[in-house]
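For reference, TrEMBL has these:
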type     : residues : note
DOMAIN   : 1-259    : domain 'Amino acid permease/ SLC12A'
TRANSMEM : 31-53    : transmembrane segment
TRANSMEM : 59-81    : transmembrane segment
TRANSMEM : 93-112   : transmembrane segment
TRANSMEM : 140-160  : transmembrane segment
TRANSMEM : 181-202  : transmembrane segment
DOMAIN   : 260-378  : domain 'Amino acid permease/ SLC12A'
TRANSMEM : 272-297  : transmembrane segment
TRANSMEM : 318-340  : transmembrane segment
TRANSMEM : 352-372  : transmembrane segment
Amino acid sequence: MTTFMPVSAAFTQHADVWVDKAWGFMIGWNFFLFQALLIPFEITAFDSILTFWRNDIPSAAVISACIVLYGITNVLAVRYFGEAEFWLCLGKLFLMMLLFSFTFVTMCGGNPQGHAYGFSNWSKPYPFLEYLSTGDMGRFHGFLAALWQAALVVVGPEYIATCAGEAQQPRKTLRAAFKQVYWRFGIFFICGALCVGIVVPANDPTLFQAFSTGDTGTGASSPYVIAMKNMEVAVLPHIVNALLMTSVYSAGNCYVYTTLSYLKLNSGSLEVLIWLANLITGGTIVTYIAVCVNYIFFYRALKAQKYDRDALPYKGWFQPYAAWVALAWLVFIELFYGYAAFLDGNWDTGSFFTSYTMCFIAICTFSSWKLLKRTKFVKPAEADLVWARPEIDRHEALFAEAEDYGFWKAVRHFLRFQKVGRSSKSKA
C-alpha cells in the first residue's frame, strides 16, 4: 500500500481514503499516543542502565538532561538530527556485531574459563519454562509471556511508512526498504533471541533474582551482562552497557514527549517500565490490526476495480490470506494480553488497566468519531485508487535522474560533506 500510494503518515491516510474516516481518526490518535509514551519509556530505561555503574545518580538530573538534549537536537535543523542519528545508529550496529561475536566465540570455548558450552543452556533447563502455573499449562503461560514481550519489541515497518512522503523516489526506495525488513527481523530479532538463549540459561540465579526482586530495570540484569560476569569477562560488560545507552538514547531521540519520565521519581523503575511497556504494546498491536484492516479493504478495492496486482510496485505474498491470518492472530494477542490478571490470586488493577487502555481508547475514538461525523465504510468499487498518484508521479519524475547511492558510497559522501562543512565554516 505504501509503495503504491506513498503519502505522509501513510497508513493513517490510507485508512481515511480506503476504509473509513473514523478508522483513520482512530489510527492517528492511537499512533500519536503510544509514540508519545515511548519517550518516557526510553528515558526511564536510559536512567536504569546508569545504575550499572552507580546507584546514587539523581534520576531527576538524568531525566532533565535527556529532555534538554532531545529538545536541542529536535529544535535545530533537520541536518543535525540526521547527523546525530547516523552516528548513534553506527553504535547500534557495532553493539549487535559485538554481541553476536561474543556469543559465537564464547560458545566455542573462547572465554576465560575455556569452557565450550555450545548449546548446553538449551537442554538444561528446557526451552519452555513454567510460569504462573505448573506442567504443560505453566509452559504455555511461559510461551504467552514471551509472546507479549515480542509484541513490544518486534516493530519497525510502520516507521518506514510514516516517512513515505519525504522520500525522493518513494516507490523505488521504499520497495527496497521493505524488502530489507525480512532480513533485519531475521538477523537482529530472531538471531538476537537465539543468542540470549545460548549465553545464559533461563534459570540462572542472577537472572531469576532480578525478576523476582524487581531489579530488571538495572544495567546488571541484562542477559549478556550476566553471561559476561558468569564467564569472568572483565571489561566487556561496561562496553556493552555504554553502547546500549546510545541505542536507548537514539530511540528516544526519535520521539517528542517526555513528562511521564518523572513518574520514576515517585515509583520503582520496574513498575514504571511495566506500565509504559503495557501501554506501548497495546498501542502497537492496535496499529498493526489497523494496517491489516487497511490492506483487506485495499485488496477488495483492487479486485472490485479489476486492478492487476502484478502492476503494483511491491506485491505481498499469499494475499489476502496472510492479512486475514495476521488480523486474527493480532486480535487474539490484543484480547488476551492482560489475561494473567484474571487468574486466581493474580489480580493486579494497574496491570489490567494498562494492558487494555489503548484498546479501549481505540474503540472509543473510532465509535465517537463515527457517530459524531456519521462516516461510512468505503465500498470497494468506490475506493479512490487514483487519489495522489498524479502528484507522486510528478514528484518522482523530478528525481528520476538523481544519482543512486549505495550504502558505503552514501557514507563516504556524508563524511566528505562533513569535512567541507567544517572548512567552509572555519574560513568564514
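Even glycines carry a Cβ here, placed using N, Cα and C.
Just so you know, TrEMBL annotations never went through curation; they're auto-generated.
Keep in mind that this is a model prediction, so the values were computed, not measured.
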Secondary structure content of the domain 'Amino acid permease/ SLC12A' (260-378), with strand meaning DSSP E or B:
91 helix, 0 strand, 28 coil
Any contact, the transmembrane segment (272-297) to the transmembrane segment (181-202), with at least 3 Cβ pairs under 8 A:
no
If we skip the immediate neighbours and take only residues 6+ beyond the ends of the transmembrane segment (318-340), which ones have a Cβ under 8 Å from one of its Cβ atoms?
132, 141, 144-145, 147-148, 151, 278, 281-282, 285-286, 288-289, 292-293, 295-296, 299, 309, 346, 351-352, 354-356, 359
Which residues, given as numbers and ranges, are at least 6 beyond the ends of the transmembrane segment (352-372) yet have a Cβ under 8 Å from it?
20-23, 25-26, 29-30, 33-34, 274-275, 278-279, 282-283, 285-286, 334, 337-338, 341
